[in-house]
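Below is one structure, written out as structure tokens, with a few remarks after it.
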């Protein structure tokens, strides 16, 4: 099974990926993680991507495609992909890659969340400096200074501030939102209201996939 998760920054894609990959036995491919790894390691592509990320803009197609194409091709198991595709060009390139591998997308899940919710979520977000796990400032409890998984310290991403978040939302609406129409025409789009609890969203996705398998 091959899935894509769409949604604005802060829509909850990462949370759903973590839940779905375990329940469905899928590999997680995250364009954002690959980009941040390249930036951290100061690779040539990482240096090029760094300015885009800090300004809340989409990284150029050639950089993203170069990082992702080999990863997609090497995964012979099913995968769940988030952060890619981000525009129609990338979507068509993804179709071409999968076609050459005699594979196809089974479902594109679109998480719909209000702008005010996105700004609130991302402004409170902290990221583990080692494993990348995401936390909410208000829900850390006694683990206020270190990651529950690996014990490393937290940091807040440069683009997780209100002004940069608004720019990221504008960029999403301009470039990524048109993918909804593209995948709707292919009859593989599933829209779901993303302001529900993570558990409710996961269960509805699993229920939908179960029904889809029976058709």
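Cβ from N, Cα, C; glycine included.
In TrEMBL this protein carries:
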- 10, 11, 12, 13, 14, 15, 125, 134, 135, 196: ATP binding site (BINDING)
- 30-59: region 'NMP' (REGION)
- 36, 57, 58, 59, 83, 84, 85, 86, 90, 157, 168: AMP binding site (BINDING)
- 125-159: domain 'Adenylate kinase active site lid' (DOMAIN)
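Projection of TrEMBL feature records onto the structure.
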residue	record	contacts (Cβ under 8 Å, 6+ apart)
10	ATP binding site	113, 117, 118, 119, 121, 122, 125, 165
12	ATP binding site	111, 113, 194, 198, 201
14	ATP binding site	30, 82, 134
36	AMP binding site	53, 132
58	AMP binding site	52, 86, 87, 171, 175
83	AMP binding site	13, 30, 31, 32, 33
85	AMP binding site	4, 91, 93, 94, 179
90	AMP binding site	61, 64, 65, 84
135	ATP binding site	125, 126, 127, 128, 147, 154
168	AMP binding site	8, 9, 56, 159
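Sequence-distant contacts of the region 'NMP' (30-59) (same chain, six or more residues past either end, CB-CB distance under 8 Å): 14, 17, 66-68, 71, 81-84, 86-87, 132, 158-159, 164-165, 167-168, 171, 175. The secondary structure of residue 125 (ATP binding site), as reduced to three states from DSSP, is extended strand. Here the region 'NMP' (30-59) has, by DSSP, the following mix of helix, strand and coil residues: 21 helix, 1 strand, 8 coil. For residue 125 (ATP binding site), the number of other Cβ atoms no farther than 10 Å from its own Cβ, over all displayed protein chains, is 18.
In the three-state DSSP classification, residue 168 (AMP binding site) falls within a helix.
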